[in-house]
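Per TrEMBL, transmembrane segment is recorded for 20-38, 79-98, 110-129, 135-156, 168-190, 196-220, 281-305, 317-339, 346-367, 379-399, 420-442, 448-468. According to TrEMBL, the feature domain 'Major facilitator superfamily (MFS) profile' maps to 25-472.
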Amino acid sequence: MAVVISSSGNSQAFEAKMTVYVFICVIIAAVGGLIFGYDIGISGGVTAMDDFLEEFFPAVYERKKHAHENNYCKYDNQFLQLFTSSLYLAALVASFFASATCSKLGRKPTMQFASIFFLIGVGLAAGAVNMFMLIIGRILLGFGVGFGNQAVPLFLSEIAPARLRGGLNIVFQLMVTIGILIANIVNYFTSSIHPYGWRLALGGAGIPALILLFGSLLICETPTSLIERNKTEEGKETLKKIRGVEDVDEEFDSIVYACDFARQVKNPYRKLMKPESRPPFVIGMLLQLFQQFTGINAIMFYAPVLFQTVGFGSDAALLSAVITGTINVLSTFVGIFLVDKTGRRFLLLQSSVHMLVCQLVIGIILAKDLGVTGTLGRPQSLVVVIFVCLYVMGFAWSWGPLGWLIPSETFPVETRTEGFALAVSCNMFFTFVIAQAFLSMLCGMKSGIFFFFSAWIVVMGLFALFFVPETKGISIDDMRDSVWKPHWYWKRFMLQEDDHDVEKRTA
Ligand code: BGC
(Lines of atoms letter the chains of each structure in order from A and count residues from 1; the text may use other names and numbers.)
(Lines give C-alpha, C1' and ligand atoms only; values in the text may rest on other atoms or scores of the structure.)
Protein backbone atom coordinates (compact mmCIF):
# COMPACT_ATOMS: atom_id res chain seq x y z
CA MET A 1 0.00 0.00 0.00
CA ALA A 2 1.80 3.13 -1.08
CA VAL A 3 -0.58 5.98 -1.63
CA VAL A 4 1.42 9.17 -1.57
CA ILE A 5 -0.53 11.87 0.10
CA SER A 6 0.35 15.40 0.87
CA SER A 7 -0.77 16.03 4.39
CA SER A 8 -1.32 19.67 3.90
CA GLY A 9 -2.78 21.77 6.64
CA ASN A 10 -3.21 25.45 5.95
CA SER A 11 0.48 26.08 6.08
CA GLN A 12 2.17 22.70 5.92
CA ALA A 13 2.60 20.00 3.30
CA PHE A 14 4.37 16.89 4.48
CA GLU A 15 4.98 14.01 2.18
CA ALA A 16 3.65 10.75 3.57
CA LYS A 17 2.58 7.33 2.40
CA MET A 18 -0.10 5.24 3.98
CA THR A 19 2.30 2.39 4.74
CA VAL A 20 1.41 -1.21 5.53
CA TYR A 21 3.25 -0.75 8.81
CA VAL A 22 1.01 2.16 9.85
CA PHE A 23 -2.00 0.10 8.85
CA ILE A 24 -0.88 -2.78 11.10
CA CYS A 25 -0.15 -0.36 13.96
CA VAL A 26 -3.62 1.20 13.64
CA ILE A 27 -5.38 -2.17 13.72
CA ILE A 28 -3.39 -3.49 16.69
CA ALA A 29 -3.81 -0.30 18.73
CA ALA A 30 -7.51 -0.10 17.96
CA VAL A 31 -7.93 -3.54 19.58
CA GLY A 32 -7.98 -1.41 22.76
CA GLY A 33 -11.30 -0.01 21.49
CA LEU A 34 -12.51 -3.55 20.85
CA ILE A 35 -12.01 -4.48 24.50
CA PHE A 36 -13.77 -1.28 25.63
CA GLY A 37 -16.72 -2.11 23.40
CA TYR A 38 -16.78 -5.74 24.55
CA ASP A 39 -16.99 -4.60 28.17
CA ILE A 40 -19.82 -2.21 27.34
CA GLY A 41 -21.80 -4.87 25.49
CA ILE A 42 -21.24 -7.85 27.75
CA SER A 43 -22.66 -6.37 30.97
CA GLY A 44 -26.26 -6.09 29.80
CA GLY A 45 -26.34 -9.73 28.64
CA VAL A 46 -24.64 -11.13 31.71
CA THR A 47 -26.94 -9.23 34.07
CA ALA A 48 -29.92 -10.72 32.22
CA MET A 49 -28.64 -14.31 32.69
CA ASP A 50 -30.47 -16.26 35.39
CA ASP A 51 -27.43 -18.32 36.44
CA PHE A 52 -25.47 -15.15 37.07
CA LEU A 53 -28.29 -13.45 38.97
CA GLU A 54 -28.97 -16.53 41.06
CA GLU A 55 -25.33 -16.74 42.12
CA PHE A 56 -24.61 -13.08 42.86
CA PHE A 57 -27.92 -11.24 43.02
CA PRO A 58 -30.51 -13.66 44.43
CA ALA A 59 -32.86 -10.82 45.39
CA VAL A 60 -32.96 -9.55 41.78
CA TYR A 61 -33.47 -13.11 40.58
CA GLU A 62 -36.46 -13.55 42.86
CA ARG A 63 -37.95 -10.25 41.74
CA LYS A 64 -37.38 -11.12 38.08
CA LYS A 65 -39.35 -14.35 38.50
CA HIS A 66 -42.30 -12.20 39.49
CA ALA A 67 -41.66 -9.80 36.64
CA HIS A 68 -45.32 -9.32 35.85
CA GLU A 69 -45.57 -7.36 39.10
CA ASN A 70 -43.79 -4.33 37.73
CA ASN A 71 -42.37 -4.00 34.25
CA TYR A 72 -40.06 -1.14 34.89
CA CYS A 73 -38.56 -2.12 38.23
CA LYS A 74 -37.65 -5.78 37.98
CA TYR A 75 -33.89 -5.17 37.66
CA ASP A 76 -33.54 -2.14 39.90
CA ASN A 77 -30.79 -3.02 42.36
CA GLN A 78 -27.88 -0.75 43.33
CA PHE A 79 -25.42 -3.66 43.53
CA LEU A 80 -26.39 -4.94 40.12
CA GLN A 81 -25.80 -1.47 38.73
CA LEU A 82 -22.50 -1.27 40.58
CA PHE A 83 -21.42 -4.40 38.71
CA THR A 84 -21.84 -2.51 35.44
CA SER A 85 -20.73 0.92 36.55
CA SER A 86 -17.70 0.16 38.78
CA LEU A 87 -15.69 -0.30 35.61
CA TYR A 88 -16.26 3.29 34.51
CA LEU A 89 -15.45 4.78 37.89
CA ALA A 90 -12.15 2.91 37.87
CA ALA A 91 -11.49 4.07 34.31
CA LEU A 92 -12.12 7.67 35.35
CA VAL A 93 -9.43 7.51 38.04
CA ALA A 94 -7.08 5.52 35.82
CA SER A 95 -7.11 8.02 32.96
CA PHE A 96 -5.15 10.52 35.09
CA PHE A 97 -2.44 7.95 35.77
CA ALA A 98 -2.56 7.00 32.12
CA SER A 99 -2.01 10.61 31.09
CA ALA A 100 1.16 10.62 33.22
CA THR A 101 2.48 7.32 31.82
CA CYS A 102 1.62 8.51 28.31
CA SER A 103 3.83 11.57 28.74
CA LYS A 104 6.62 10.06 30.85
CA LEU A 105 6.93 6.54 29.40
CA GLY A 106 5.12 6.75 26.07
CA ARG A 107 1.92 5.64 24.37
CA LYS A 108 3.10 2.08 23.71
CA PRO A 109 3.88 1.09 27.34
CA THR A 110 0.57 2.69 28.37
CA MET A 111 -1.23 0.33 25.97
CA GLN A 112 0.76 -2.59 27.38
CA PHE A 113 -0.28 -1.67 30.91
CA ALA A 114 -3.86 -1.58 29.65
CA SER A 115 -3.63 -5.13 28.30
CA ILE A 116 -2.11 -6.44 31.57
CA PHE A 117 -4.93 -4.84 33.60
CA PHE A 118 -7.44 -6.35 31.18
CA LEU A 119 -5.98 -9.85 31.49
CA ILE A 120 -5.95 -9.88 35.30
CA GLY A 121 -9.43 -8.28 35.40
CA VAL A 122 -10.85 -10.86 33.00
CA GLY A 123 -9.37 -13.70 35.08
CA LEU A 124 -10.92 -12.41 38.30
CA ALA A 125 -14.35 -11.55 36.86
CA ALA A 126 -14.74 -14.78 34.88
CA GLY A 127 -13.47 -16.92 37.75
CA ALA A 128 -15.34 -15.04 40.47
CA VAL A 129 -16.68 -17.13 43.32
CA ASN A 130 -17.84 -14.16 45.38
CA MET A 131 -18.93 -10.57 44.95
CA PHE A 132 -15.54 -9.24 46.02
CA MET A 133 -13.68 -11.01 43.19
CA LEU A 134 -16.34 -9.92 40.75
CA ILE A 135 -16.11 -6.24 41.62
CA ILE A 136 -12.27 -6.21 41.85
CA GLY A 137 -12.22 -7.86 38.42
CA ARG A 138 -14.48 -5.15 37.03
CA ILE A 139 -12.30 -2.44 38.60
CA LEU A 140 -9.17 -3.86 36.97
CA LEU A 141 -11.00 -4.01 33.65
CA GLY A 142 -11.82 -0.35 34.27
CA PHE A 143 -8.12 0.41 34.74
CA GLY A 144 -7.54 -1.25 31.40
CA VAL A 145 -10.22 0.91 29.79
CA GLY A 146 -8.77 4.09 31.35
CA PHE A 147 -5.25 3.32 30.10
CA GLY A 148 -6.42 2.08 26.71
CA ASN A 149 -8.81 4.93 25.97
CA GLN A 150 -6.17 7.49 26.84
CA ALA A 151 -3.35 5.93 24.83
CA VAL A 152 -5.11 4.56 21.76
CA PRO A 153 -6.82 7.67 20.30
CA LEU A 154 -3.66 9.73 20.93
CA PHE A 155 -1.53 7.03 19.35
CA LEU A 156 -3.82 6.90 16.30
CA SER A 157 -3.84 10.67 15.85
CA GLU A 158 -0.07 10.93 16.16
CA ILE A 159 0.80 8.06 13.90
CA ALA A 160 -1.69 8.89 11.13
CA PRO A 161 -0.73 11.09 8.19
CA ALA A 162 -2.55 14.38 8.84
CA ARG A 163 -5.12 14.07 6.07
CA LEU A 164 -6.22 10.64 7.17
CA ARG A 165 -6.44 11.59 10.84
CA GLY A 166 -10.23 11.94 11.01
CA GLY A 167 -10.95 8.59 9.37
CA LEU A 168 -8.22 6.76 11.27
CA ASN A 169 -9.40 8.23 14.53
CA ILE A 170 -12.88 6.86 13.91
CA VAL A 171 -11.32 3.38 13.51
CA PHE A 172 -11.21 3.51 17.31
CA GLN A 173 -14.99 4.03 17.47
CA LEU A 174 -15.46 1.37 14.79
CA MET A 175 -13.60 -1.12 16.97
CA VAL A 176 -15.72 -0.06 19.97
CA THR A 177 -18.86 -0.88 18.01
CA ILE A 178 -17.41 -4.21 16.78
CA GLY A 179 -16.58 -5.04 20.41
CA ILE A 180 -20.17 -4.33 21.44
CA LEU A 181 -21.50 -6.49 18.61
CA ILE A 182 -19.19 -9.42 19.41
CA ALA A 183 -20.30 -9.14 23.04
CA ASN A 184 -23.95 -9.25 22.00
CA ILE A 185 -23.35 -12.38 19.92
CA VAL A 186 -21.38 -14.02 22.72
CA ASN A 187 -24.22 -13.16 25.12
CA TYR A 188 -26.71 -14.71 22.77
CA PHE A 189 -24.90 -18.06 22.62
CA THR A 190 -23.58 -18.27 26.17
CA SER A 191 -26.96 -17.50 27.71
CA SER A 192 -28.06 -21.03 26.84
CA ILE A 193 -24.97 -22.69 28.37
CA HIS A 194 -25.80 -23.55 31.96
CA PRO A 195 -24.64 -22.89 34.58
CA TYR A 196 -21.38 -21.18 33.57
CA GLY A 197 -22.30 -19.34 30.33
CA TRP A 198 -21.74 -16.03 32.05
CA ARG A 199 -18.16 -17.05 32.89
CA LEU A 200 -17.47 -17.71 29.22
CA ALA A 201 -19.04 -14.38 28.32
CA LEU A 202 -16.90 -12.42 30.78
CA GLY A 203 -13.80 -14.47 29.91
CA GLY A 204 -14.14 -13.68 26.19
CA ALA A 205 -12.42 -10.32 26.68
CA GLY A 206 -9.22 -12.27 27.38
CA ILE A 207 -8.74 -12.97 23.66
CA PRO A 208 -8.48 -9.34 22.46
CA ALA A 209 -6.47 -8.51 25.61
CA LEU A 210 -3.88 -11.12 24.55
CA ILE A 211 -3.89 -9.75 21.00
CA LEU A 212 -3.22 -6.26 22.38
CA LEU A 213 -0.46 -7.51 24.68
CA PHE A 214 1.46 -9.43 22.02
CA GLY A 215 0.48 -7.12 19.17
CA SER A 216 1.82 -4.12 21.02
CA LEU A 217 5.29 -5.71 20.89
CA LEU A 218 5.19 -5.22 17.11
CA ILE A 219 4.15 -1.59 17.02
CA CYS A 220 6.39 1.44 17.35
CA GLU A 221 6.29 4.38 19.71
CA THR A 222 4.95 7.59 18.12
CA PRO A 223 7.55 10.11 16.89
CA THR A 224 5.95 12.87 18.99
CA SER A 225 6.27 10.83 22.17
CA LEU A 226 9.91 9.95 21.41
CA ILE A 227 10.85 13.54 20.62
CA GLU A 228 8.94 14.81 23.64
CA ARG A 229 11.10 12.52 25.79
CA ASN A 230 14.35 13.74 24.13
CA LYS A 231 14.84 10.62 22.00
CA THR A 232 15.14 12.89 19.01
CA GLU A 233 17.13 10.65 16.64
CA GLU A 234 14.94 7.63 17.33
CA GLY A 235 11.94 9.89 16.72
CA LYS A 236 13.27 10.86 13.30
CA GLU A 237 14.00 7.25 12.32
CA THR A 238 10.50 6.19 13.40
CA LEU A 239 8.98 9.04 11.42
CA LYS A 240 10.80 7.84 8.29
CA LYS A 241 9.61 4.30 8.90
CA ILE A 242 5.94 5.17 9.39
CA ARG A 243 5.79 7.75 6.61
CA GLY A 244 7.59 5.48 4.17
CA VAL A 245 9.75 8.32 2.79
CA GLU A 246 13.34 9.41 3.45
CA ASP A 247 12.75 13.13 3.51
CA VAL A 248 10.74 13.84 6.63
CA ASP A 249 12.65 16.97 7.64
CA GLU A 250 9.74 19.37 7.46
CA GLU A 251 7.36 17.28 9.56
CA PHE A 252 10.19 16.37 11.91
CA ASP A 253 11.04 20.06 12.43
CA SER A 254 7.41 20.91 13.10
CA ILE A 255 7.17 18.18 15.77
CA VAL A 256 10.44 19.35 17.35
CA TYR A 257 9.11 22.92 17.36
CA ALA A 258 5.80 21.88 18.91
CA CYS A 259 7.58 19.79 21.56
CA ASP A 260 9.98 22.65 22.37
CA PHE A 261 7.03 24.95 22.84
CA ALA A 262 5.18 22.35 24.90
CA ARG A 263 8.24 22.02 27.19
CA GLN A 264 8.02 25.73 28.02
CA VAL A 265 4.53 25.20 29.39
CA LYS A 266 5.42 24.05 32.87
CA ASN A 267 1.90 23.39 34.09
CA PRO A 268 -0.43 22.24 31.33
CA TYR A 269 -3.37 21.90 33.73
CA ARG A 270 -2.99 25.54 34.74
CA LYS A 271 -2.73 26.51 31.10
CA LEU A 272 -5.99 24.63 30.50
CA MET A 273 -7.72 26.93 32.99
CA LYS A 274 -6.68 30.09 31.10
CA PRO A 275 -9.32 31.87 28.99
CA GLU A 276 -7.50 31.04 25.78
CA SER A 277 -8.00 27.33 26.42
CA ARG A 278 -11.71 27.80 27.06
CA PRO A 279 -13.16 26.87 23.64
CA PRO A 280 -11.56 23.40 23.30
CA PHE A 281 -11.92 22.84 27.03
CA VAL A 282 -15.63 23.68 27.26
CA ILE A 283 -16.48 21.90 24.01
CA GLY A 284 -14.34 18.85 24.87
CA MET A 285 -15.96 18.38 28.27
CA LEU A 286 -19.55 19.18 27.27
CA LEU A 287 -19.35 16.79 24.31
CA GLN A 288 -18.74 13.99 26.82
CA LEU A 289 -21.74 15.00 28.91
CA PHE A 290 -23.90 15.24 25.80
CA GLN A 291 -22.59 12.00 24.27
CA GLN A 292 -23.69 10.12 27.36
CA PHE A 293 -26.95 12.03 27.85
CA THR A 294 -28.12 11.05 24.41
CA GLY A 295 -29.04 7.95 26.41
CA ILE A 296 -26.98 5.66 24.16
CA ASN A 297 -25.64 3.54 26.97
CA ALA A 298 -29.05 3.07 28.45
CA ILE A 299 -29.58 1.17 25.20
CA MET A 300 -26.09 -0.37 24.96
CA PHE A 301 -25.76 -1.69 28.51
CA TYR A 302 -29.32 -2.58 29.00
CA ALA A 303 -30.68 -3.42 25.55
CA PRO A 304 -31.53 -7.01 26.52
CA VAL A 305 -33.07 -5.80 29.78
CA LEU A 306 -34.97 -3.07 27.94
CA PHE A 307 -36.32 -5.46 25.32
CA GLN A 308 -37.43 -7.85 28.04
CA THR A 309 -39.14 -4.93 29.73
CA VAL A 310 -41.23 -4.30 26.63
CA GLY A 311 -42.21 -7.94 26.54
CA PHE A 312 -39.62 -9.88 24.51
CA GLY A 313 -38.51 -13.21 25.93
CA SER A 314 -34.92 -13.55 27.16
CA ASP A 315 -33.62 -15.03 23.87
CA ALA A 316 -35.49 -12.64 21.63
CA ALA A 317 -34.21 -9.76 23.72
CA LEU A 318 -30.59 -10.78 23.21
CA LEU A 319 -31.23 -11.31 19.52
CA SER A 320 -32.60 -7.77 19.23
CA ALA A 321 -29.42 -6.55 20.89
CA VAL A 322 -27.41 -8.35 18.18
CA ILE A 323 -29.44 -6.48 15.59
CA THR A 324 -28.84 -3.07 17.20
CA GLY A 325 -25.15 -4.00 17.51
CA THR A 326 -24.90 -4.75 13.77
CA ILE A 327 -26.57 -1.48 12.91
CA ASN A 328 -24.17 0.34 15.21
CA VAL A 329 -21.15 -1.10 13.35
CA LEU A 330 -22.50 -0.47 9.84
CA SER A 331 -23.57 3.09 10.61
CA THR A 332 -20.12 3.95 11.96
CA PHE A 333 -18.82 3.46 8.40
CA VAL A 334 -21.21 6.22 7.34
CA GLY A 335 -19.48 8.46 9.90
CA ILE A 336 -16.02 7.51 8.59
CA PHE A 337 -17.15 8.28 5.06
CA LEU A 338 -18.97 11.57 5.77
CA VAL A 339 -16.96 13.22 8.53
CA ASP A 340 -14.48 14.86 6.18
CA LYS A 341 -17.05 15.53 3.46
CA THR A 342 -20.15 17.02 5.08
CA GLY A 343 -18.18 18.07 8.18
CA ARG A 344 -18.72 17.60 11.89
CA ARG A 345 -21.49 20.16 12.38
CA PHE A 346 -23.80 18.66 9.80
CA LEU A 347 -23.55 15.23 11.44
CA LEU A 348 -24.16 16.62 14.92
CA LEU A 349 -27.17 18.67 13.84
CA GLN A 350 -28.76 16.06 11.59
CA SER A 351 -28.46 13.39 14.25
CA SER A 352 -29.88 15.62 16.99
CA VAL A 353 -33.15 15.94 15.08
CA HIS A 354 -33.01 12.27 14.06
CA MET A 355 -32.39 10.96 17.62
CA LEU A 356 -34.96 13.32 19.11
CA VAL A 357 -37.70 11.92 16.89
CA CYS A 358 -36.71 8.35 17.79
CA GLN A 359 -36.67 8.95 21.56
CA LEU A 360 -40.05 10.68 21.38
CA VAL A 361 -41.66 7.86 19.40
CA ILE A 362 -40.32 5.20 21.80
CA GLY A 363 -41.43 7.24 24.82
CA ILE A 364 -44.92 7.83 23.44
CA ILE A 365 -45.48 4.14 22.60
CA LEU A 366 -44.31 2.98 26.01
CA ALA A 367 -46.33 5.67 27.79
CA LYS A 368 -49.45 4.80 25.85
CA ASP A 369 -49.25 1.04 25.53
CA LEU A 370 -47.01 -0.41 28.22
CA GLY A 371 -48.63 -0.31 31.61
CA VAL A 372 -46.74 -0.98 34.80
CA THR A 373 -47.71 -4.62 34.36
CA GLY A 374 -48.51 -6.63 31.23
CA THR A 375 -46.56 -6.55 27.96
CA LEU A 376 -46.52 -4.54 24.76
CA GLY A 377 -48.45 -5.89 21.84
CA ARG A 378 -46.40 -7.43 19.01
CA PRO A 379 -46.78 -4.53 16.56
CA GLN A 380 -45.83 -1.96 19.18
CA SER A 381 -42.80 -4.01 20.28
CA LEU A 382 -41.67 -4.13 16.68
CA VAL A 383 -42.01 -0.38 16.30
CA VAL A 384 -39.99 0.12 19.50
CA VAL A 385 -37.20 -2.12 18.16
CA ILE A 386 -37.22 -0.31 14.80
CA PHE A 387 -36.94 3.10 16.45
CA VAL A 388 -34.23 1.89 18.80
CA CYS A 389 -32.32 0.78 15.68
CA LEU A 390 -32.87 4.13 13.94
CA TYR A 391 -31.75 5.91 17.08
CA VAL A 392 -28.53 3.84 17.31
CA MET A 393 -27.89 4.62 13.64
CA GLY A 394 -28.02 8.37 14.25
CA PHE A 395 -25.71 8.12 17.25
CA ALA A 396 -23.20 5.93 15.43
CA TRP A 397 -22.36 8.50 12.77
CA SER A 398 -22.36 11.53 15.02
CA TRP A 399 -22.15 11.95 18.79
CA GLY A 400 -20.40 8.56 19.16
CA PRO A 401 -17.28 9.08 17.07
CA LEU A 402 -17.24 12.88 17.29
CA GLY A 403 -17.18 12.74 21.07
CA TRP A 404 -13.71 11.19 20.70
CA LEU A 405 -12.57 12.94 17.53
CA ILE A 406 -13.28 16.60 18.37
CA PRO A 407 -11.36 16.71 21.70
CA SER A 408 -8.44 14.95 20.02
CA GLU A 409 -8.19 17.56 17.26
CA THR A 410 -8.96 20.85 19.03
CA PHE A 411 -6.47 21.09 21.92
CA PRO A 412 -3.15 22.73 21.04
CA VAL A 413 -0.12 20.50 21.43
CA GLU A 414 0.94 21.97 24.80
CA THR A 415 -2.29 20.87 26.49
CA ARG A 416 -3.27 17.98 24.23
CA THR A 417 -2.58 14.94 26.46
CA GLU A 418 -3.91 16.66 29.58
CA GLY A 419 -6.99 18.07 27.83
CA PHE A 420 -7.68 14.70 26.30
CA ALA A 421 -7.22 12.93 29.66
CA LEU A 422 -9.82 15.25 31.16
CA ALA A 423 -12.16 14.49 28.27
CA VAL A 424 -11.68 10.71 28.77
CA SER A 425 -12.34 10.97 32.50
CA CYS A 426 -15.37 13.16 31.90
CA ASN A 427 -16.68 10.56 29.46
CA MET A 428 -16.14 7.83 32.04
CA PHE A 429 -17.81 9.88 34.74
CA PHE A 430 -20.99 10.42 32.73
CA THR A 431 -20.92 6.81 31.51
CA PHE A 432 -20.76 5.82 35.18
CA VAL A 433 -23.66 8.13 36.06
CA ILE A 434 -25.87 6.63 33.35
CA ALA A 435 -24.82 3.05 34.13
CA GLN A 436 -25.45 3.53 37.83
CA ALA A 437 -28.69 5.45 37.51
CA PHE A 438 -30.46 4.05 34.47
CA LEU A 439 -32.26 1.10 36.02
CA SER A 440 -33.42 3.23 38.95
CA MET A 441 -34.48 5.99 36.57
CA LEU A 442 -36.38 3.46 34.47
CA CYS A 443 -38.08 2.26 37.63
CA GLY A 444 -38.82 5.78 38.90
CA MET A 445 -39.58 7.63 35.67
CA LYS A 446 -40.95 4.69 33.66
CA SER A 447 -41.43 5.69 30.03
CA GLY A 448 -40.64 9.29 31.10
CA ILE A 449 -36.96 8.40 30.86
CA PHE A 450 -37.21 8.69 27.09
CA PHE A 451 -38.61 12.21 27.40
CA PHE A 452 -35.77 13.01 29.79
CA PHE A 453 -33.21 12.04 27.17
CA SER A 454 -35.22 13.89 24.49
CA ALA A 455 -34.87 17.11 26.48
CA TRP A 456 -31.11 16.62 26.65
CA ILE A 457 -30.97 16.04 22.90
CA VAL A 458 -32.67 19.40 22.33
CA VAL A 459 -30.06 21.09 24.56
CA MET A 460 -27.13 19.44 22.79
CA GLY A 461 -28.52 20.21 19.35
CA LEU A 462 -28.73 23.90 20.27
CA PHE A 463 -25.23 23.78 21.73
CA ALA A 464 -23.88 22.28 18.51
CA LEU A 465 -25.76 24.88 16.47
CA PHE A 466 -24.36 27.88 18.31
CA PHE A 467 -21.11 26.79 19.90
CA VAL A 468 -19.45 23.99 17.93
CA PRO A 469 -17.61 25.45 14.94
CA GLU A 470 -16.65 23.39 11.90
CA THR A 471 -13.18 21.88 12.16
CA LYS A 472 -13.25 19.82 8.97
CA GLY A 473 -10.10 20.13 6.89
CA ILE A 474 -8.42 22.56 9.26
CA SER A 475 -4.89 21.82 10.33
CA ILE A 476 -4.77 20.61 13.91
CA ASP A 477 -2.37 23.40 14.90
CA ASP A 478 -4.30 26.13 13.19
CA MET A 479 -7.52 26.02 15.22
CA ARG A 480 -6.85 29.27 17.01
CA ASP A 481 -6.60 31.41 13.90
CA SER A 482 -9.01 29.58 11.62
CA VAL A 483 -11.67 28.45 14.06
CA TRP A 484 -11.76 30.24 17.40
CA LYS A 485 -10.77 33.75 16.31
CA PRO A 486 -13.50 34.17 13.69
CA HIS A 487 -16.17 32.50 15.85
CA TRP A 488 -18.95 34.84 17.07
CA TYR A 489 -18.69 33.68 20.67
CA TRP A 490 -15.31 32.04 21.22
CA LYS A 491 -13.37 34.97 19.73
CA ARG A 492 -13.76 36.90 23.02
CA PHE A 493 -11.44 34.40 24.71
CA MET A 494 -8.71 34.74 22.13
CA LEU A 495 -5.73 36.92 22.96
CA GLN A 496 -4.62 39.57 20.53
CA GLU A 497 -1.54 38.76 18.45
CA ASP A 498 0.87 40.61 20.75
CA ASP A 499 -0.64 39.20 23.91
CA HIS A 500 -0.34 35.75 22.44
CA ASP A 501 3.40 36.15 21.91
CA VAL A 502 3.85 37.32 25.48
CA GLU A 503 1.67 34.44 26.61
CA LYS A 504 3.87 32.02 24.66
CA ARG A 505 6.96 33.31 26.37
CA THR A 506 5.56 33.33 29.88
CA ALA A 507 3.18 30.37 30.09
C1 BGC B 1 -19.29 5.82 23.67
C2 BGC B 1 -19.78 4.66 24.46
C3 BGC B 1 -20.92 4.00 23.72
C4 BGC B 1 -20.49 3.61 22.34
C5 BGC B 1 -21.64 3.04 21.55
C6 BGC B 1 -18.88 5.32 22.31
O7 BGC B 1 -18.43 6.39 21.57
O8 BGC B 1 -18.21 6.45 24.32
O9 BGC B 1 -20.15 5.12 25.74
O10 BGC B 1 -21.35 2.86 24.40
O11 BGC B 1 -19.97 4.71 21.66
O12 BGC B 1 -21.25 2.65 20.28
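Heads up, residue numbers simply count up from 1 along the chain you see.
Note that Cβ sites are derived from N, Cα and C of the backbone, with glycine treated the same way.
Quantities reported herein were computed from a predicted structural model and do not represent experimental measurements.
Remote same-chain residues near the transmembrane segment (317-339) are listed as 41, 44-45, 48, 166-167, 170-171, 173-174, 177-178, 180-181, 183-185, 187-188, 191, 299, 303-308, 346-347, 385, 388-389, 392-398, 400-402, 405, 472 (criterion: CB distance under 8 Å, separation of at least six residues from the stretch ends). Residues of the same chain lying 6 or more positions beyond the ends of the transmembrane segment (79-98) and with a Cβ under 8 Å from any Cβ of it are 39, 43-44, 47, 53, 56-57, 60, 110, 113-114, 117, 131, 134-135, 138-143, 145-147, 149-151, 301, 421, 424-425, 428-429, 431-432, 435-440. The average per-residue pLDDT of the prediction over the domain 'Major facilitator superfamily (MFS) profile' (25-472) is 89, rounded to a whole number. Beyond the transmembrane segment (281-305), the same-chain residues lying 6 or more positions past its ends with a Cβ under 8 Å from any Cβ of the stretch are 40-41, 43-45, 47-48, 75, 84, 180, 184, 187, 272, 314, 317-318, 320-321, 324, 355, 359, 388, 391-392, 395, 399-400, 402-403, 406-407, 410-411, 419-420, 422-423, 426-427, 429-431, 433-435, 438-439, 442, 449-450, 452-453, 456-457, 459-460, 463, 467-468. Listed as Cβ neighbours of the transmembrane segment (110-129) (distance under 8 Å, sequence separation of 6 or more from its ends, same chain) are residues 29, 32, 35, 56, 94, 98, 101-102, 136-148, 150-152, 155, 199-200, 202-203, 205-206, 208-210, 212-213, 216.
The recorded stretches the transmembrane segment (135-156) and the transmembrane segment (448-468) do not share 3+ CB pairs below 8 A when only pairs 6 or more apart in sequence are counted, and are therefore not in contact.
Each of 20-38, 168-190, 346-367, 379-399, 448-468 was scored by its Cβ pairs under 8 Å to the transmembrane segment (420-442), and the highest score goes to 448-468. With Cβ pairs under 8 Å as the measure, the transmembrane segment (346-367) is packed most heavily against 448-468, out of 20-38, 168-190, 196-220, 448-468. In terms of C-beta pairs under 8 Å, the stretch of 168-190, 196-220, 379-399, 448-468 lying closest in packing to the transmembrane segment (20-38) is 168-190.
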